[in-house]
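The next block holds one structure in the form of structure tokens; read it before the comments.
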């Protein structure tokens, strides 16, 4: 479902603004450190936008999005998805202005993090390590590091300005006045870089309450510590009760929170539960496309598809079974998503299908077979996954039954008579009708779970 048409049109004009000049070191950072995270296509969009701003200028002229499509030789959906990646990783800010029925976009290019900021970010460096592996990561770190030349043996003998220059009569007031840029303009500068922005979803009030019981001062939660906690919460899925233990383990003698110790505690705990793996950065383009600007969901199927696109796999398991999923179940889901690169919505369809087919149990071998089949078929949307599950249900039933059957001696192959085309067609129609009825019954069960979840949410709002 290409919902980008609700967000952007080829004829919509855009202007590019740059926060500061990008030097050769920053280009190297973008190419070697950011590109593995966002991909070559998104990097190409970023560099193309930079090139549209002339040297010494701070903005480009206006142009329709047709121009980007022709320059990059790709469709508008690809440009939209790459734009989201650049926004999410902190390299682009997007502004929109509505004029009657049309829209105008302003793309503000952001500076990348400096190498020292990137490797100490706590989010991007972890994702890069997971993406490219330890040997390549250490190689990149070595490329951006060098030995300090200055040592204690050197003494600073630098002269001040007043030691070198003398001043005569200067009309400083007039000079300062003429130095001020005109209204609605600014000087070209270096600009400021920023880390990826994490949505304010962590409940700091709950954390502060638990820390108060442990006699930890509120002042220990400095802005930098809070930013680190938000990143760790997003990165490892840590909630306030669990975060309390990590914070307590990172308190030093001055009642301050050691950020490095906090990161290490959270990372070690995650790796212990995930078998030594670090988290991966998976684009959530499907969820982003299902924004409030999308058309109103009318049919029950549209609501179900939207639900599967936006709900987390963990919450889906809770909605289906009515209880918190076990660590073993979550490990199966995580492994499938990482190994077969399934989109979150597609993984949700897989979870729903397997749970309802196998008496509310997640069988790893059964999940693996279907997931590998969908990966080979290049299933990327919820609707594609649902349609494939319908058409291939007979095959999936055989897989489920063969899993439970004991091995039997092989039989000799027998000659099969070829059937006429009309018989095959009739048989396929009857089989399809049976499959559709069975799948609709399973879909109805999930719709009931979705309805109960909505009712619980409504009841909570009334309270």
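From the backbone N, Cα and C atoms, a Cβ is placed for every residue, glycine too.
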Out of 173-193, 194-214, 215-235, 236-256, let me know the one TrEMBL marks region 'Disordered'. 173-193
Kindly report the helix/strand/coil residue split of the domain 'DnaB/C C-terminal' (322-386) according to DSSP, in that order. 46 helix, 0 strand, 19 coil
Segment-level pLDDT (mean, integer) for the domain 'DnaB/C C-terminal' (322-386): 82
